[in-house]
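Trainee: I am attaching a structure below and will ask some questions about it afterwards.
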Amino acid sequence: MGSFVWAASVLLLPLLWGPLSEAAVPPDWLPGNYAADEADAARFTEDYSDMAEKALYHSVTASWNYNTNLTAHNSQLQVQASLDEQEFTEAWGKKAKAVFSKVFLATLPNKSVKKLIEKISELGPANLPTKEREEYNKILSTMDEIYSTAKVCPDKQKPDKCWSLEPGFADTGAYWRSWYETPTFEQDLEQLYKTVEPLYKQLHAFVRRQLFNQYGSKYINLKGPIPAHLLGNMWSQTWNNIYGLMIPFPEKPNLDVTDKMVEKGYDAVKMFQVAEEFFTSLDLIPMPEAFWNESMLVKPEGREVVCHASAWDFYNQKDFRIKQCTTVTMEQLFTVHHEMGHVEYYLQYKDQPVGYRRGANPGFHEAIGDVLSLSVSTPKHLKTIGLLDTLTNDEETDINYLLKMALEKMAFLPFGYLIDQWRWNVFSGQTTPDRYNADWWHLRTKYQGICPPTPRTEDHFDAGAKYHIPGNTPYIRYFVSFILQFQFHEKLCKAANQTGPLHTCDIYQSKEAGNILRTVLKAGSSKPWPEVLQEALGTNKMDAGALMRYFDPIIKWLDKQNKNETIGWPDFDWVPPVPEGYPADIDKNTDELQAKQLLQEYNETAEVVMNTYTEASWAYNTDITEENNNAMLQANLDMSNHTLNYGLKARQYDAADFQDTGVKRIMEKLSDIGRAGLPDAELKEYTTLLSTMETMYSVAEVCKKDGTCLPLDPDLQKILAESRDYDELLFAWKGWRDSAGKELRPYYHRYVELANKAAELNGYTDNGASWRALYETPTFEEDLEALWKQLEPLYQHIHAYVRRSLHKKYGDKRVNLKGPIPAHLLGNMWAQTWSGIMDLVIPYPDATQVDATPAMVAKKWNATMMFQESDRFFTSLGLLPMPQEFWDKSMLLKPTDGKKKRLQCTVVTMDDLITVHHEMGHVQYFLQYKDQPVSFRDGANPGFHEAIGDVLALSVATPKHLKTIGLLDKVENNPESDINFLMSIALDKIAFLPFGYLMDQWRWKVFDGRIPASEYNKEWWNLRMKYQGLCPPVARSEEDFDPGAKFHIPANVPYVRYFVSFIIQFQFHKALCQAANHKGPLHTCDIYKSKEAGNDVMKLGSSKPWPEAMALITGQSKMSAEPLVEYFQPLIQWLKKENSKNNEVKPSSPRTTK
């Protein structure tokens, strides 16, 4: 809202300046001697007017000088001038009271003189003695207390020592209302509000629905009030800042002529000249020369100013100014017209006595400024003055325009009404200090239908967050002005012979409209405002009918839109939940430059700390000794301390408004300090627990009766993959679980407690929630379930086919054709991949099987050659070669020095060749994003890293590629060979999916308490049965801990990343094959030597949300199982026929989305 400045003998605006003893009013400004007769009464008002012009010019000039040049010297001059004005007001007011009694004034025939003397007599706080007035000023400035009556009692124990602010009024509220000179003012306001309330409630319902669409049911109740912070304004007083969320017809052109103004060379002076021409076109007064010479229309260089737009009357009948830091925008053009409306008012009433130089009531001045904007903002006017090329005239454009106006005008009305409702109740004592905040929010909910977004108590004082409350500025004037402006607008439009809807009216160039305005403006406050209104509009009452007619099209449109909405807020007491982790950004640093400096420092130090930890971890993993374990533990603690230190620093920033999205993203990542948030003792306990569980797992062995002990890798793994002896398989399977799983159970429950505590300290509900947050997808769990449901039928077809093959091998006693498969028969310790039993399930044993192992052995390949071949694959795509340090330091073979290890120990097989490409895929990812900040040196989401490695393996495993690199003599091109190939891939990829999904299903439920410690094993096998269709080959109990027999459980490594990777690798594969111009079935594609397929998306690391990285590779931002289904389509059709022939259970076909 624009403002205007008046210094008035009645209002005593500057009350906050301190001691009055410094005031020194020139003697000739003070009143002389007067008699209580008609002649002297007239002379008194004339003398007062003459002297008031001098006093007010002095005061306003000092205030102008300060506002346009903020210096300490000018501040002192302003204070002194304000004190002088107070002394002047006090002297004349006391003289009026002393000479002209109420009895005398009642007999005075000249009503104008009588009214002026009454105004001069209203001293307000100037009634107080000097010392007490100083204390009153201090109370106002600190706002320690809002007094509930017109009396200020410094000593509450001595009520007889109270000060009377304004004799004759019940309280300050009554005093403020008296300015409207209407005995039924409060009742009139309530009736006006009741008229507009239905439109407000329709607007409220529409806005609430749009906010519901934006924020969801958690934060928006469609039958309740709207959380106050969501409406685009600190006080929810106007809502036009959220117009972008509300716009009814976004395809229609947005009305903004800013660019046209720039194109036409508009500057501040031009904008004011255009505004002046509007007034003169109505036959009103042009701006005087002093206006153009003295106004501050742009922000001056080299000095600080108060930029808030305001209009100034210097009370000398010739000096009128505007102070505005004008910029060339459409909104500022409207503000220019509004402010010049105030100046036009000054010009029109300048010949009135000083006491009448103001609006007919406090709402008139604002209404006059706004009524002009109602014309200026119309497309019709903007076209007339050459700022709009074409006039769009259709219903949708009108609705857009009117909704935007309603979000400003209609949304304001209840707020404009309730502010002084609250204060009047405070002043009258109806609202007591112990209910200030409760009553404030009751009114805001009652009238505005809004609620606080966080709990509020009487420790808060939310009313004081609006300037006008501590500033002691009455507010009902704005409500009044919003009603009056539409009354004026309608009358002026009729005078201008406007035809068509009221919201399209432009009174530009209408002398008839100008005549009506002149009637209102010239009167000032010399007559009661109802008389002024009667003369101008033909009515002496405020009426909201014109406002309703202006908005009639939007009223009807909203009525249709809200057909099924709840109108109003019957859930009156509803409030939204407090967001998780609130208050996360209170009193935080918002300096983006400082944040960048912090991140630079973090990046430099994190590289050192993380390198130290990685070296220590490498040393331990390649030589498992107590010494190396202790060194790794210490490096881990050092890294945690580093993370904690910088994480806590990052948490001191509010990055919400940072312009650099990269900085914003790193700050968010850095603020999640993970386990480092634990107290020192618990952090050490947690780290030791993990290390203990990992070590126990890594050194576990299964011993035979003869004393020979077998480690997991390679001995037990080899038995599971190659043995076809049911009992030997059971020995290895059960032995490993007894050795590696059962032993870990006592440690795991404590680990869960500490992991959850660390997650909670980072603002998560539990550790599972913190893991899922890495995917930055609110619907992550639902998305995974949908993907699984799409692929489940394909898995069930594989399961049925494999079960039939195992039945042939092991018979009815050990394999039930309608039941789950015993978990130890599938060629893998965890039955996660089934490629180890390809010999038992091969569809066409006589057809060619792809196995490059014999050729690799015949060609004398070794581990180094396998990695070199993999390196050539990457460079053929235009990607980076492995650096020399890779070749110098990697451990590619198992050491022969007897050291225990748990890294890759390469053997010359085709499977290991594929693994080599997979692992080198990780290194390629490292190389690509190495120049990112440390926080971004990771996959776009945890599944990306695995998918990048696997997508290369999809090419490497093809017969085409193996022939290209000399490991296959020829490529068989027949259906049988294809089915064999696809089956071998499916036993790896499709068989894995339910296991990849259920691992973290189990852990998420453990973390959130749905699976208690007493049911760890029971629920593990329930999930394996549900998703994999597997059962344990021997009875299990809660003494066992079979989840712990899988490395990722004791090592605290999230696992759903592998499920994700198995989905997205096929999306990547299809996209890269398209880039490589592959022709033919997707499973035959090899991207080797395609520079086009060598996408550089890996360079992004995790600097962008993963959907953006996904879109760069695939053209779509969501995970999809479609490419996977396409890849296996020949096998799917074959399995359906095979299972049908064998009368197997027939699950539905893999689903595809339309």
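Using the three backbone atoms N, Cα and C, a Cβ is placed for every residue, glycine included.
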Trainee: With reference to TrEMBL, specify which of the listed residues C325, C451 is paired with C307 by a disulfide.
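Mentor: In TrEMBL, C307 forms its disulfide bond with C325.
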Trainee: Out of E339, E919, which has the highest number of nearby Cβ atoms, where nearby means within 10 Å of its Cβ, if these are the active-site residues?
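Mentor: The most densely surrounded of these active-site residues is E339.
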Trainee: Please give me the CB contact count at 10 A for N641 (N-linked glycosylation site), counting all chains in the structure.
Mentor: 14
Trainee: Using the alpha carbons only, what distance in Å do you get between N641 (N-linked glycosylation site) and E919 (active site, proton acceptor 2) once rounded?
Mentor: 30
Trainee: Which of the recorded positions E339, C493, C505, E919 has its Cα closest in space to the Cα of C325 (disulfide bond)?
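Mentor: Comparing Cα positions, the closest of these recorded positions turns out to be E339.
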Trainee: Please identify, among the recorded positions N69, C307, E339, E919, the one with the smallest Cα-Cα distance to C505 (disulfide bond).
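Mentor: The answer is E339.
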Trainee: Measuring CA to CA, name the entry from the recorded positions C307, E339, E919 that ends up nearest N69 (N-linked glycosylation site).
Mentor: C307
Trainee: 10 Å Cβ neighbour count around C307 (disulfide bond)?
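Mentor: A 10 Å sphere around the Cβ of C307 (disulfide bond) contains 14 other Cβ atoms.
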Trainee: Which residue, of the disulfide-bonded residues C325, C493, C505, has its CB surrounded by the fewest other CB atoms within 10 A?
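Mentor: Sparsest of the disulfide-bonded residues C325, C493, C505 by Cβ contacts within 10 Å: C325.
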Trainee: I'd like to confirm something. Which of the recorded positions, C307, E339, E919, has a Cα closest to the Cα of C493 (disulfide bond)?
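Mentor: Closest recorded candidate to C493 (disulfide bond) by Cα: E339.
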Trainee: I'm trying to understand the geometry here, so how far is the Cα atom of C307 (disulfide bond) from the Cα atom of E339 (active site, proton acceptor 1), in Å to the nearest whole number?
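Mentor: It is 13 Å, counting Cα to Cα.
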Trainee: What is the separation, in Å, between the Cα atoms of E919 (active site, proton acceptor 2) and E339 (active site, proton acceptor 1)?
Mentor: 70
